[in-house]
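Everything on this sheet refers to the single structure shown next.
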Amino acid sequence: MSDGEKGRRASPGRLLVTSLLFFLLLAGITALVLYLVYRPSKPRFTVSAAAIYDISNASSQANAISTSMQFTLVIRNPNDRASVFYDRLSAYVSYRNQPITPPAALPPMFQEKDSTVATSPVLGGGFVPISGDVAAGLATDQAYGVVGLRLVLLGRLRYKSGPFRSNWYGMYVRCDMLTGFRKGVTGPVPLLR
């Protein structure tokens, strides 16, 4: 064997490194294709109806409010390949970034691929401390007939896509709405926006 032939031959170490790099590149391309095919989209949340049964601040505590409200929350899963598990769900209503209902625990939920689910939790019941500015603003908005509320949904979700399951992700959803509400009127209220 001449010196020229010896130089053209790959050493076993070089062949092993080349094979390993090729395998890693192939695994990376496969992982990228699987990610692009099974990548889930975020669910969409919409408030479709609202009912206000009670808003009162007649308590022994100054600046405390008791409310009872119900919202129909429509959850849309736009994924064709991924189902969604919801866990540790809780919801509350806020007014001017301050909670006016205590957090209410909601049951865990499973949502199929490309589906829509509606849930109607009743929120409220106990007294919640609020600032004087929030109490005055709520009274003014009630007198005007339009109250801006925010429904907040907290929890965690996990996607199941084919044979794969994702980790649990924290979820924070807020739905802002304007409701047509006047003091003394209870039941379903119009959603103005």
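Glycine is no exception: its Cβ is also placed from the backbone N, Cα and C atoms.
Annotated features in TrEMBL:
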DOMAIN    73-167  domain 'Late embryogenesis abundant protein LEA-2 subgroup'
TRANSMEM  15-38  transmembrane segment
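The helix, strand and coil residue counts that DSSP assigns across the domain 'Late embryogenesis abundant protein LEA-2 subgroup' (73-167) are 13 helix, 58 strand, 24 coil. Mean pLDDT, taken over the domain 'Late embryogenesis abundant protein LEA-2 subgroup' (73-167), works out to 91 on the 0 to 100 scale.
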